[in-house]
Amino acid sequence: MSAPRIGVLALQGDTREHLAALREAGADAVTVRRLVELESVDGLVIPGGESTAMSHLLRELDLLEPLRALLADGMPAYGSCAGMILLASEILDAGVPGREALPLGGIDMTVRRNAFGRQVDSFEDDIAFSGLDSDIHAVFIRAPWVERVGPSVEVLATAAGHPVAVRQGKVLATSFHPEMTGDRRVHALFVASLRGEDREEQAG
Ligand code: GLN
């Protein structure tokens with residue numbers, strides 16, 4: 001298969017970093033802001049940023065329900081941090097009613113927003129990640145953690161006793177930001193899953 005065409009939801013957040021990481025991982029990466037763009041991609045990345053702001057914009061732009069429907073239909077996706085929150089089926093501490101983070105589904109899990117604390121509590125750690133040949137340097141910024149996973153969800157990494165990287169089929173989510181380091185292995189895993197090569201280990 002030629003390079004999969006992967007959209008990066010470009011409403012808010014660290015879109016540029018994901019575009020660069022995806023291109024380095026061999027994808028044809030494009031920004032997505034409109035329904036026609038969303039419908040033209042093989043998979044979608046939801047970046048880190050602020051899940052409440054992204055939810056608000058998704059609703060304003062009439063993208064919320066189409067995106068939920070595409071995910072329910074099996075569209076591959078990867079979300080980092082705020083993106084993980086949005087890919088959940090249930091969000092705890094979602095924010096002020098009316099401006100809260102809205103779950104899109106995609107992964108049968110309950111995620112707690114800002115679980116690792118406020119900006120000041122951001123931290124970095126080297127953690128084991130199933131399918132990668134060595135630890136990954138993980139940057140957590142006001143990160144969520146996962147409090148419940150459904151039976152078809154694989155836990156790929158944990159921190160502080162909670163899942164921080166999970167996968168259900170072709171939908172992947174991390175609490176941390178691989179797009180902010182030079183390590184492209186998580187993006188490469190996602191790109192490989194779109195090529196149908198999910199079982200190959202990603203070497204560093
Ligand atoms: N705390 C943010 C949110 O709720 C996520 C932070 C991030 O993406 N670095 O969306």
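Including glycine, each Cβ sits where the backbone N, Cα and C put it.
All TrEMBL annotations are machine predictions without curation.
What TrEMBL lists as active site, nucleophile is CYS81. In the three-state DSSP assignment, the secondary structure recorded for CYS81 (active site, nucleophile) is coil. When other Cβ atoms within 10 Å of the Cβ of CYS81 (active site, nucleophile) are tallied across all protein chains shown, the result is 30.
For the recorded site, HIS177 (active site, charge relay system), the DSSP three-state label reads coil. The active site, charge relay system annotation in TrEMBL covers HIS177 (among others).
As annotated by TrEMBL, active site, charge relay system applies to GLU179 (among others).
In this structure, ILE141 (L-glutamine binding site) belongs to neither helix nor strand by DSSP; it is coil. The L-glutamine binding site feature in TrEMBL is assigned to GLY49, GLU50, SER51, ARG113, ILE141, ARG142.
Counting other Cβ atoms within 10 Å of each Cβ, the recorded positions GLU50, GLU179 show the lowest value at GLU50. ARG113 (L-glutamine binding site) and GLU179 (active site, charge relay system) are 20 Å apart (CA-CA, integer value). Residues GLY49, GLU50, SER51, ARG113, ILE141, ARG142 make up the record's L-glutamine site, and a Cβ search at 8 Å around their centroid adds GLY48, THR52, CYS81, ALA82, ILE85, ASN114, ALA143, PRO144 from the same chain. For ligand 1, the nearby recorded positions are CYS81, ARG142; that is, of CYS81, ARG142, GLU179, these have a C-beta under 6 Å from one of its atoms.
Neighbour counts were taken as the number of other C-beta atoms within 10 angstroms of each residue's C-beta; across the recorded positions ARG113, ARG142, HIS177, the minimum falls on ARG142.
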